[in-house]
Amino acid sequence: MGVWRHVGKFLKRKDCDVGETGRALEELRGSLYNDLRTSESAKRQQQRFCGPAVAMSFNFMVAVGIILTNKLVMGKVGFNYPIFLTLIHYTVSWILMALFKALAWLPASPPSKSTPFSSLFSLGIVMALSNGLANTSLQHNSVGFYQMAKIAVTPTIVLTEFIFFRKTISYNKVIALAIVSVGVAVATVTDLEFNVFGACVAVAWIVPSAVNKILWSNLQQQGNWTALALMWKTTPVTIFFLVALMPWLDPPGVLSFGWNISNSSAIMVSAVLGFLLQWSGALALGATSATTHVVLGQFKTCVILLGGYILFNSDPGPTSLCGAVTALGGMSVYTSLSLKESVEGVVKQNPNLNQLAKPKTDVEEDEEKASVKSVSSTE
């Protein structure tokens, strides 16, 4: 009889534990839903958990992974359809975000009146052009010519932001960006093989790539858009225009490709990484700026080059190594200047922080001690 009493107590305690666990999970789900229900709270959560360092590190790791995966897909697998591969990436991204929305994990979007539909539509178009033309350029041009086009994106962003937003950068930053561009050019531009069609594609890609980064950064920083909410609104437009680009830029024969389990699995891994790359890139653009994101992309290039030399004994040559080291030095200077300007901006918005940061003089300390003594004496 005593044994059954202990068993009953044990079962009751287990039921209580299960009930408490269920209530805790329900409270967690409710708090997560409340955090994502409004665009303002969702934006605060994104800024809280995903600052510049986290966003850029996330984007860097995913970018390295997708570079290796796409080399496998286009090389060993032989899937030479860059626009269709980009279309698969965005389709999988849309399916994953639809799943997030069904589970109430997708952050809320700002009111439709706050952002003109033309801005979202334009972003969807330039996303299709930027990603589709980039893959096509890489297919028809040498890596050196492709890198030259990427370097041209930096001055394009600076010029575009000055013309349309009157945004200027300091002279020191201009020098740092010039050093980065020259270093990357010396490190990567070992050959400039291209054809007329490939050159036209590369030149046509520069402006959409710059505008794409500027729009992603401005819409998140000036409005209450989060990365996922903005992706959810613009991805359908991107998919539509990628379908329109396929007959013009992709070679025929995609339906006759060998869609076996191995090839399809590699393409699906690339698609999932494509979603993570788009998300991490949007987070980085929302937390930093379009120019900083371009510098991050050039940083990835230099790290991959130096990593191959250190870890895999590849020999890019002394000229390329010196160029990579020079570019990394320019990036360090640019990052230091950006952090300094960021701190100065925070201090300007909150003057009290500046007063707290200043060390107290001996006179101020004596006055503070005297005031404390007078208060204690009155008490």
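For all residues, glycine too, the Cβ spot is worked out from N, Cα and C.
For 59-334, the entry in TrEMBL reads domain 'Sugar phosphate transporter'. Among the features that TrEMBL reports, region 'Disordered' is placed at 354-379. Sequence annotations record features per position, and here TrEMBL assigns transmembrane segment to 49-69, 81-103, 115-133, 145-164, 171-190, 196-215, 227-246, 266-287, 294-312, 318-339.
Between the transmembrane segment (49-69) and the listed ranges 171-190, 227-246, 266-287, 294-312, the one holding the most Cβ pairs under 8 Å is 266-287. Between the transmembrane segment (294-312) and the stretches 115-133, 145-164, 196-215, 227-246, Cβ pairs under 8 Å are most numerous for 145-164. Outside the transmembrane segment (171-190), and at least 6 residues removed from its termini, the chain residues within Cβ reach (under 8 Å) are 143-145, 147-148, 150-151, 154-155, 158, 291, 295, 298, 301-302, 305, 316-317, 319-331, 333-334, 337-338. The transmembrane segment (266-287) and the transmembrane segment (115-133) are not in contact, since fewer than 3 Cβ pairs between them lie under 8 Å (pairs 6 or more apart in sequence). Against the transmembrane segment (227-246), stretch 115-133 has more CB pairs under 8 A than any other of 115-133, 145-164, 196-215.
If you take every residue in the domain 'Sugar phosphate transporter' (59-334) and average the pLDDT, you get 85.
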